[in-house]
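Student: Look at Swiss-Prot and you will find Arg55, Thr56, Arg105, His133, Gln136, Leu262, Pro263 tagged as carbamoyl phosphate binding site. Under the heading L-aspartate binding site, Swiss-Prot lists Lys84, Arg166, Arg223, citing sequence analysis as support.
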Amino acid sequence: MTHSLYRKNIISISDLSQLELRHIMDTAAYFKNTPPVNLLKHTVIASCFFEASTRTRLSFEAAIHRLGASVVGFSDDQFTSVSKGESLSDTLRVISSYVDAIIIRHPKEGAPQYAAGFCPVPIINAGDGTNEHPTQTLLDLFSIQETQGRLSHLKIGLAGDLKYGRTVHSLTKALSTFPNNEFFLISPPELSMPCPLVKELNHSVHHTIEEVLPQLDILYMTRIQQERLKPEHRHLKTAFILEGKHLLPGQVKTNLKILHPLPRVDEIAPEVDTTPYAYYFQQAANGMFIREALLALLLNPHAPYP
């Protein structure tokens, strides 16, 4: 019988049930220990990045190659007919006739949802403006499960740009579906989490990392995104910096893990990298396994793995 993820559009993390989240993570864990070979041979996947990306684009493309599939696409829309005035719908309609799935990153919120309305192949949202980034959330959940052994009964700090940061928007939506999670929202007032996202959360609001750090199981740091800031808010760019002095023995829980969607600028000092709490590079590496799992499940109807 065909499983529920087969040919499914991945637009929002809310599109996935807890059972589907577990299926993707279990498959990623399996692939991490047992690399897949030619599972998607003769499959062609489009990587359409209308906005700059390093980790997301390259981890998707590495995942595609490791699955035995082929990838076509672009990393900048200036090299496409969009730069000549072609509409997004015309571009993607044509691309969808060549491929089995489309990965899209776009600066406009809602672009992947729009594409899903007319493309006959699965659409995967690789980030749409300040809205969502569901595949980043999948690797975040996988990293939390890997380090904490659970996705419930956690104390989670979200720090930095909570207003424009799409990664924290998706992660909050996902973790709020698991029981007894408590959220500590740490940001300047100008960059606080949008009200619709916090309305149903068990949360508290804070303006410094130090005041909540001793309580946390997970600290999810984010970059203050200057490219999305209004000029009057640009002074906030370096407002939240985590340093080694904040992580001395006895000051934090032994199971604390620090995550970051990357790229970082200066919000995490380099000396933090060598502490046992830093997990952001392992988190980034997990992106390839999660994206392998997602593509394999979307494009294989029988999913012959756990």
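Backbone N, Cα and C atoms are what each Cβ position is placed from, and that goes for glycine too.
Model, not experiment: these values are computed from the prediction.
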Student: Using an 8 Å cut-off from the Cβ centroid of Arg55, Thr56, Arg105, His133, Gln136, Leu262, Pro263, can you name the remaining same-chain residues around the carbamoyl phosphate site, in sequence order?
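Tutor: Along the chain, the qualifying residues are Ser53, Thr54, Ala126, Gly127, Thr167, Pro261, Gly287.
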Student: Including all protein chains shown, what's the count of other C-beta atoms within 10 A of the C-beta of Pro263 (carbamoyl phosphate binding site)?
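Tutor: Result for Pro263 (carbamoyl phosphate binding site): 9 other Cβ atoms within 10 Å.
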Student: For Arg166 (L-aspartate binding site), which of the binding-site residues Arg55, Thr56, Gln136, Leu262 has the nearest Cα in space?
Tutor: Gln136
Student: My understanding is the cutoff is Cβ-Cβ under 8 Å with a sequence separation of 6 or more in the same chain; which residues meet that for His133 (carbamoyl phosphate binding site)?
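Tutor: The answer is Thr56, Asn125, Ala126, Gly127, Arg166, Thr167, His169, Ser170, Pro261.
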Student: In Å, rounded, how far does the Cα of Gln136 (carbamoyl phosphate binding site) sit from the Cα of Arg223 (L-aspartate binding site)?
Tutor: 15
Student: Just to be sure I understand the packing, how many Cβ atoms besides its own are within 10 Å of the Cβ of Thr56 (carbamoyl phosphate binding site)?
Tutor: 25
Student: Report the largest Cα to Cα distance, in Å and rounded to a whole number, among the residues Arg55, Thr56, Arg105, His133, Gln136, Leu262, Pro263 that the record lists as binding carbamoyl phosphate.
Tutor: 16
Student: Once the chains shown are all counted, how many other Cβ atoms turn up within 10 Å of the Cβ of Arg55 (carbamoyl phosphate binding site)?
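Tutor: A 10 Å sphere around the Cβ of Arg55 (carbamoyl phosphate binding site) contains 17 other Cβ atoms.
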Student: Return the single residue from the binding-site residues list (Gln136, Leu262) that has the minimum number of other CB atoms within 10 Å.
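Tutor: Candidates: the binding-site residues Gln136, Leu262. Fewest Cβ atoms within 10 Å: Leu262.
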Student: Take the Cβ of Arg105 (carbamoyl phosphate binding site) and count every other Cβ within 10 Å, whichever protein chain it belongs to.
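Tutor: Here the count is 24.
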Student: If you measure from the C-alpha of Arg223 (L-aspartate binding site), which of the binding-site residues Arg105, Leu262, Pro263 fall inside 10 Å?
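Tutor: Leu262, Pro263, listed in sequence order.
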Student: Count the other Cβ atoms sitting within 10 Å of the Cβ of Arg223 (L-aspartate binding site), across every protein chain shown.
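Tutor: If we count other Cβ atoms within 10 Å of Arg223 (L-aspartate binding site), we arrive at 20.
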